[in-house]
Amino acid sequence: MLSLHQLQFNIEQRNLFNLNITFLPSSITYIKGANGSGKSSLLRMISGIMQPNSGNIYYKNNNINNIPKPYCTYIGHNLGLKLEMTVLENLKFWSEIYNSSETLYAAIHYFKLQDLLDEKCYSLSSGMQKVVAAARLIACQSDLWLLDEVETNLSKENRDLLNNLIVMKANSGGIVLLSSHLESSIKSAQILQLV
């Protein structure tokens with residue numbers, strides 16, 4: 001369970017949000033809102049990268065400030081790839097951080113990355129870099145996924161693979177929060193609208 005208690009974020013004297021909400025296991029939530037409404041900031045706060053002006057975030061009934069990192073898998077605008085490293089080196093790096101090396105090859109096969117393993121990430125298109133970042137969702141075992149505009153620049157095939165993966169995560173008890181400008185293609189997802 002993920003709970004936001006009186007989570008407030010202000011920017012330039014403007015209150016972007018003041019949230020009290022709980023996300024239950026087995027849930028998918030799209031965070032929607034105009035540019036500048038705080039979607040990315042909210043995901044960054046939940047990941048622990050950014051601090052709110054006030055309020056608390058609890059994951060599994062523990063304040064995230066007291067939980068050892070990493071407790072979630074966050075993919076933001078900066079994909080977290082080491083561009084000078086190969087696809088395989090990047091996925092190994094992340095799977096070792098999460099102590100989940102047994103899922104590394106499942107990630108490679110799910111997203112059909114076998115032919116790209118020795119490619120440096122800087123040589124990949126932005127869409128393929130996002131696919132490598134999305135493969136991290138399998139390579140890194142975590143029950144909380146925070147995805148910021150990950151669907152952008154993906155081919156239809158890779159977007160479908162990602163959406164199926166998101167549904168599988170929720171069906172296995174995970175919590176998935178994602179922001180997207182694209183129309184929600186996961187019918188079971190909830191919508192959190194930021195104004």
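Here the Cβ of each residue, glycine as well, is placed from N, Cα and C on the backbone.
Copied over from Swiss-Prot, here are the features:
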- Gly33, Ala34, Asn35, Gly36, Ser37, Gly38, Lys39, Ser40: ATP binding site (BINDING)
- 1-195: domain 'ABC transporter' (DOMAIN)
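A map of Swiss-Prot features onto the structure.
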residue : record           : contacts (Cβ under 8 Å, 6+ apart)
Gly33   : ATP binding site : Lys39, Gln193, Leu194, Val195
Ala34   : ATP binding site : none
Asn35   : ATP binding site : none
Gly36   : ATP binding site : none
Ser37   : ATP binding site : Leu16, Phe17, Leu194, Val195
Gly38   : ATP binding site : Phe9, Ile11, Leu16, Phe17, Leu194
Ser40   : ATP binding site : Gly76, His77, Asp148, Glu149, Ser179
Using DSSP with the three-state reduction, classify Ala34 (ATP binding site) as helix, strand or coil. coil
In all the protein chains shown, the tally of other Cβ atoms within 10 Å of the Cβ of Lys39 (ATP binding site) is 25
I need the neighbours of the ATP site defined by Gly33, Ala34, Asn35, Gly36, Ser37, Gly38, Lys39, Ser40. Which other residues of that chain put their C-beta within 8 angstroms of the C-beta centroid, in sequence order? Leu16, Ser41, Ser179, Leu194
